[in-house]
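Q: Once you've had a glance at the structure underneath, I'll fire off some questions.
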Amino acid sequence: MKERNKPILEVKGLKTHFTTKRGVSKAVDGIDFTLHKGETLGIVGESGCGKSMTSLSILRLIPSPPGKIAGGSVLFKGRDLVTMPEDEMRKIRGNEISMIFQEPMTSLNPVIPVGEQIAEALRLHQKMGKKAAWDKSVEMLKMVGIPSPEKRAKQEPFQLSGGMRQRVMIAMALACTPEVLIADEPTTALDVTIQAQILELIKELQTKIGMGVIMITHDLGVVAETCDKVAVMYAGNIVEHASTEQIFADPKHPYTQGLLNSLPKIHEDQEELITIDGSVPSPYNMPAGCRFASRCPYAEDICAAHQPDLVSYSEDIKVRCWKYTDKWTGKRDKEGVV
Amino acid sequence: MLMFILRRILQTIPVIIGVTFVVFFIMQLVPGDPAVLLAGEGASKETIEAIREQLGLNQPLYIQYFEYLTNVFKGDLGVSLKNSQPVLDEILVRLPITIELAFFSIIITIVLGMAAGIISAVKPYSLTDVSVMLVALLGISLPSFWFGLMLMYFFSVKLQILPVAGWDSLLHVILPAITLGAGGAAIVARMTRSSMLEVIRQDYIRTARAKGLRERIIIYKHALRNALIPVITVVGLQFGALLGGTVLVESIFAINGLGRMIVDAIRMRDLPMVQGGVLFASLIFVVVNLFVDVFYRFFNKRIELN
Ligand SMILES: Nc1ncnc2c1ncn2[C@@H]1O[C@H](COP(=O)(O)OP(=O)(O)OP(=O)(O)O)[C@@H](O)[C@H]1O
Ligand code: SF4
Ligand SMILES: [Mg+2]
């Protein structure tokens, strides 16, 4: 993939920490990625690895306290969102950068008609009049495939099914034609057919308005279908970053390899799902070395001692693993490791 | 919804019958023979017997009760022992005064309570929040007779800007209504605050923020409407407590309402009057609860179905 001029979103060394009674949880611990116009970046990783917190940090929506952006920068068209004054940040939220949340059932206000929930953003950011904003929100509902949108717009969320609510969320996020859309598991709560429709819809709109999309998911099928490039997250870090083809054809990081191995393979008659043994380290107590070391089949002495950096393996591939450095000794058969 | 209202109205019937039952037995629980009481001191045996005959006191209790019940439904609450006037007439004079007092008090409870709760919740743990909640705690713990007397002392005796007692103008309403509404306002304030803090953590508030809305709109448009739903129940309960409070406040401020009537009647051992007063107070309570339930159900419907 060719680097297209300047990225619209550039995340550098982003850290988000939660200070609680148990200590400091390093939920996001130094994340770097870039997003260009019209591009889709997938972020994948197990539950709790920090995907949602990364995306909430970009819009500065981390619940605070206990959360806090502890370091790094988020450059949006060259301006740093982390240090931007709140009232300027508000002009970007929902207007230039929008977000679809993971929880469609609870993310809509239960006592406000859904049409109004879309229209208020239009009145605010696009300075539309009451009537124009309402008409536009009905139009948005129609566009996301909600039947009889005039009627639905006047209804409250409890009158809508889960699939429809998620469509409303999408309509809301897209109403102001944002330049960046962050979609946090936009389809997890939905059944397969609706899931496909919604992904199709996002893609369609993306080509139409050329927005950059960050697609957060733990479904590698969704990644294969929609993403140009993928960042694999593990315990608050990115462990591998490469184009989608590259990731699927030749994953470098042992964790990525494990993830792909755990996919059911349709063409081989293999019934059993392979899962990665062991568990993720606690974000309150991260090991000093590689965070995947306790589960990694290749781990060597250096892995437990020092954390590897995210380094370029080739022009397009970045990986955080000692195996791909010249510090690697190559003796794989360590005691106690399968 | 209509079914619910209908069912809810039907449910009040056994409650009302229960109330009449209790009220009827107040009479029975009073020590001494009612006929003797009614006849007054020094009455002859014949007079007492005649009264007993006349009131049906010779009949078995359940027949007496059914008689009482039929009379109540006919609107006959008996006559006052004091002046032989029908109890109902007296109640109908007193009732509007108490309703007026209760109305203004509940307005104070709602407006003051919600405003204080919102102010607190917007900046939790701030100096404002801590002070407001401290005052609210005081408001709950202060006995209302003391609070009423204090208000009277400052505003009527010292500053002389408000009338001491009576019920002639709207100015007369202010102090009693504050006295009566303050405790409820304190409870509503605490409830509003905790409900707001709970709502502010919800996903849909995050959605509202993600839209770029101003904090003020997030609070008043998105959070408040949801936060007030549980507050409605508390207001309803407060209304009940407030009705009980009218007895005290009417006595302090010399207001001739239903509450004071009941107190006077008790003092005079005017039993039919006590019965009638208590019956009406209970009916108001039942009706208010009915309204609160329907209201709450209406607001809560969408949340329940979520
Ligand atoms: N309110 C909080 N207090 C303390 N820690 C928190 C809080 N919210 C999130 N975290 C921490 O942030 C980490 C990352 O959470 P996040 O929601 O980003 O995971 P995720 O990758 O989105 O997972 P999922 O796939 O389940 O959505 C969690 O492991 C948790 O330790
Ligand atoms: S650094 Fe070592 S432990 Fe970590 S993934 Fe690479 S080989 Fe495994
Ligand atoms: Mg998540």
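Note that Cβ sites are derived from N, Cα and C of the backbone, with glycine treated the same way.
Not measured: the values here are computed from a predicted model.
Feature table excerpt (TrEMBL):
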type     : residues  : note
TRANSMEM : B:12-30   : transmembrane segment
DOMAIN   : B:95-296  : domain 'ABC transmembrane type-1'
TRANSMEM : B:101-122 : transmembrane segment
TRANSMEM : B:134-157 : transmembrane segment
TRANSMEM : B:169-189 : transmembrane segment
TRANSMEM : B:227-253 : transmembrane segment
TRANSMEM : B:273-296 : transmembrane segment
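Just tell me what is around each of these and how deep it sits.
A: Away from its own ends, the transmembrane segment (B:101-122) comes close to residues 128-129, 132-133, 135-136, 173, 176-178, 180-182, 184-193, 195-197, 200, 219, 224, 227-228, 231, 235, 238-239, 242-243, 245-246, 249-250, 255, 257 of its chain (Cβ-Cβ under 8 Å, at least six residues beyond either end).
Within the chain, the transmembrane segment (B:134-157) has long-range Cβ neighbours (under 8 A, six or more residues past its boundaries) at 116, 163-165, 175-176, 178-180, 182-183, 185-187, 189-190, 245, 248-249, 252-253.
Sequence-distant contacts of the transmembrane segment (B:169-189) (same chain, at least 6 residues past either end, Cβ-Cβ under 8 Å): 100-102, 104-110, 112-114, 116-117, 120, 132-133, 135-140, 142, 144, 147-148, 151-152, 155-156, 162-163, 231, 234-235, 238-239, 241-242, 245-246, 249-250, 252-253, 255.
Remote same-chain residues near the transmembrane segment (B:273-296) are listed as 4-5, 8-9, 12, 15-16, 19-20, 23-24, 26-27, 72, 77-78, 80-82, 87-88, 90-91, 95, 99, 229, 232-233, 235-236, 239-240, 243, 258-259, 261-262, 265-266 (criterion: CB distance under 8 Å, separation of at least six residues from the stretch ends).
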